[in-house]
Amino acid sequence: MEIPIYGTPKKELASSIKSNSFNAVVGLDGEAPTDEDLAMLRRVADKLPIGGFLVAVMEMTERFAYYGLSAPFQNYMQNDLNDPLLPGALGLGQSTATSLQYFWNFWCYCSPLIGAVVADQYMGRYNTIMLFAMIYAIGLLVLVTTSIPPSIVGGHAYGGFIASILIIGLGSGGIKSNVSPLIAEQYRSRGPFVRVLKSGERVIVDPDVTIQRIYMMFYWCINFGSLSGIATVYLEKYIAFWAAYLLPFCMFFVGIFTLIVGRKYYVITPPQGSVILQAFKAWWIALTSGGKLDMAKPSVQQALPGGPKHKITWDEGFVDELRRALVACKVFLFYPIFWVCYGQMSSNFISMAGDMNTHGVPNDVIYNTGALTIIIFIPIMDKGVYPLFRRLKIRFRPITRMTFGFFFAAASMAYAAILQKKIYETGPCYDHPRGCLDGHTPNDVHVAIQTPVYALMGIAEILASVTGLEYAYTKAPASMKSFIMALYLLTNAGGSALGIAVSPTAKHPKLVWAYTGFAVTTVITGSLFWLCFRSLNAKEEEMNAKGREMQNTTVRKLDESAEEEKV
């Protein structure tokens with residue numbers, strides 16, 4: 001049954017939410033666990049609803065389009081149209097192309113803030129996704145039509161490319177900040193409960209473990225969709241760029257079709273009005289009161305000498321929710337360094353492959369090694385490693401997972417530095433690859449040895465990026481899921497901004513030092529991250545339980561409001 005969207009009377013809304021929710025304490029399947037159960041029983045994930053799978057399929061097709069079109073970008077921007085070795089169009093050079101690649105990433109991860117405000121305040125997540133999907137499709141059409149040979153030769157490709165990445169970035173951001181919360185809110189259990197398996201074993205169905213699995217599945221679908229880059233780089237190499245961009249354009253409409261057809265299966269949360277403005281007002285009150293968020297509580301304002309200094313339009317629980325959200329925001333402050341490393345995969349690493357002997361393989365096809373690593377390792381982690389840890393009573397909590405993600409990213413950068421040094425030590429062009437002889441001859445290093453760079457970064461994504469999505473959802477107030485998710489995604493934009501700042505170093509023969517600097521910085525950042533936030537691991541279950549309790553309070557208030565309308 002679908003939860004109504006914006007404009008539904010409160011009576012119907014509360015009834016729909018209630019009918020779509022499990023019991024607020026134990027769920028439909030069983031009894032609440034005792035303290036002994038919590039200490040002794042194994043924790044497992046719940047079954048995933050069909051709405052969650054449909055959202056995952058929709059996101060997979062959107063990511064098919066996104067990664068399919070972005071995989072050829074570096075070659076499209078960097079190389080000349082008549083380059084005898086590599087495909088090209090705009091001929092901007094590596095440094096400029098890398099800067100534009102970072103700008104593209106920056107814009108794609110700033111625009112989620114726009115989508116979040118539209119969803120949380122005005123249209124709701126589902127309608128917002130539909131709106132921005134239409135914008136996305138327009139951008140894809142512009143990219144396809146301006147990448148045909150007459151447009152490139154006529155000098156229209158550069159302007160069309162800039163226009164298309166601005167439009168596509170806006171559409172992508174509007175979808176991105178909303179689809180992540182949408183998939184998680186399809187799961188409607190409100191607390192842990194005991195289930196007896198067919199084997200007779202009693203286990204605890206843990207909503208935290210379930211949300212973790214949902215985002216693992218979600219990220220798996222993202223990376224399965226990203227394999228479109230394999231197809232588009234071959235289309236780029238053997239046909240033309242317009243063919244490489246036409247495939248994502250067509251596939252994108254499959255996602256729109258899935259979104260429309262699956263609507264009756266979705267749990268759809270309505271917008272909450274001016275909640276974001278209320279949040280900023282509460283934060284401002286705290287900022288002007290010595291950083292004390294409790295000063296934004298109605299009871300505290302009422303107790304002030306002379307009465308309230310501010311007009312308060314929220315309740316006590318809203319301030320407590322904001323406190324949990326601030327915890328997540330502090331954690332995310334370290335993420336831009338991680339994203340700088342991540343951004344190397346779609347820019348400098350592709351250029352690195354072009355400096356090596358590819359033996360006829362497109363230089364940008366190796367990029368997909370990262371996605372393949374994620375596709376292989378997510379099931380291993382979800383079905384093997386994490387359950388084993390839970391059996392052994394090892395709580396591999398979010399802060400720990402994120403920290404390991406930083407260290408794997410650092411390992412990827414360290415390997416890149418070693419590999420770049422090997423390229424510089426190998427002829428025929430040594431530290432100026434493709435800079436001698438006919439000007440297009442790569443150094444004699446097999447491109448296959450680049451795969452560990454992507455594999456290490458793929459594991460880093462599973463640990464840091466997936467956990468970041470999970471953390472943003474579980475710590476966000478119910479009325480601000482899209483906005484807090486957008487703030488998390490904004491850290492990627494921060495990483496892109498840093499990438500733009502350091503992109504002038506993306507030149508031969510400086511790249512060894514660039515990768516070394518990334519590796520050292522990421523190790524230091526990961527270490528500081530652990531020192532600052534390791535104490536949050538012990539509070540994880542408590543914070544998540546409070547979040548579920550506040551969600552239940554919202555449902556109860558809607559139900560009570562509906563009962564009042566009956567009277």
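Cβ from N, Cα, C; glycine included.
Remote same-chain residues near the transmembrane segment (129-149) are listed as 62, 65, 69, 76, 89, 115, 118, 123, 156-157, 159-161, 163-175, 178-179, 182, 240-242, 245-246, 248-249, 252-253, 255-256, 259-260 (criterion: CB distance under 8 Å, separation of at least six residues from the stretch ends). For 129-149 (among others), the entry in TrEMBL reads transmembrane segment.
Annotation comment: TrEMBL describes 155-175 (among others) as transmembrane segment.
Annotation comment: TrEMBL describes 217-235 (among others) as transmembrane segment. Packing against the transmembrane segment (217-235) from elsewhere in the chain are residues 48, 52, 55-57, 59-72, 75, 180, 183, 243-245, 247-248, 251, 362, 364-365, 367-368, 370-372, 374-375, 378-379, 382, 461-462, 465-466, 469: each is 6 or more residues past its ends and has a CB under 8 Å from a CB in it.
The transmembrane segment annotation in TrEMBL covers 241-262 (among others).
Tertiary neighbourhood of the transmembrane segment (325-345): same-chain residues 101-102, 105, 279, 293, 367, 370, 399, 402, 405-406, 409-410, 412-413, 416, 453-454, 457, 460-461, 464-465, 468, 471-472, 475-477, 480, 484, 487-488, 491-492, 494-499, 502, 515, 518, 521-522, 525, 528-529, 532-533, 536, 543, selected by CB-CB distance under 8 Å and a gap of 6+ residues from either end. Per TrEMBL, transmembrane segment is recorded for 325-345 (among others).
Among the features that TrEMBL reports, transmembrane segment is placed at 365-386 (among others). Same-chain residues lying 6+ beyond the ends of the transmembrane segment (365-386) with a Cβ under 8 Å from its Cβ atoms: 67, 71, 212-213, 216-217, 219-220, 223-224, 226-227, 229-230, 233-234, 345-346, 349-350, 353, 396, 447, 450-451, 454-455, 457-459, 461-462, 466.
The feature transmembrane segment is assigned by TrEMBL to 398-418 (among others).
Outside the transmembrane segment (453-473), and at least 6 residues removed from its termini, the chain residues within Cβ reach (under 8 Å) are 180-181, 184, 211-212, 215-216, 218-219, 328, 331-332, 335, 338, 341-342, 344-345, 349, 366-374, 377-378, 381, 398, 401-402, 404-409, 411-412, 415-416, 419, 481, 484-485, 487-488, 491. Feature annotation from TrEMBL assigns transmembrane segment to 453-473 (among others).
TrEMBL lists 485-506 (among others) with the feature transmembrane segment. With a threshold of 8 Å between CB atoms, the same-chain residues lying at least 6 positions outside the transmembrane segment (485-506) that come near it are 94-95, 98-99, 102-103, 105-110, 112-113, 115-116, 173, 176-178, 180-181, 328-329, 332-333, 335-340, 342-343, 347-348, 351, 468-469, 471-473, 476, 513-514, 517.
Per TrEMBL, the feature transmembrane segment maps to 512-533 (among others).
The region 'Disordered' annotation in TrEMBL covers 544-567.
The feature compositional bias 'Basic and acidic residues' is assigned by TrEMBL to 556-567.
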Review point. Cβ under 8 Å to the transmembrane segment (155-175), counting only same-chain residues 6 or more beyond its ends: which ones?
Key: 62, 66, 69, 76-77, 89-90, 103-104, 107-115, 118, 128-129, 131-140, 142-143, 145-147, 486, 489
Point to revise | Same-chain residues near the transmembrane segment (398-418), Cβ under 8 Å, at least 6 residues beyond its ends | key: 331, 334, 337-338, 341-342, 344, 349, 352, 452-454, 456-457, 459-465, 467-468, 470-471, 512, 515-516, 518-520, 522-523, 525-526, 529-530, 533-534, 536-537, 540
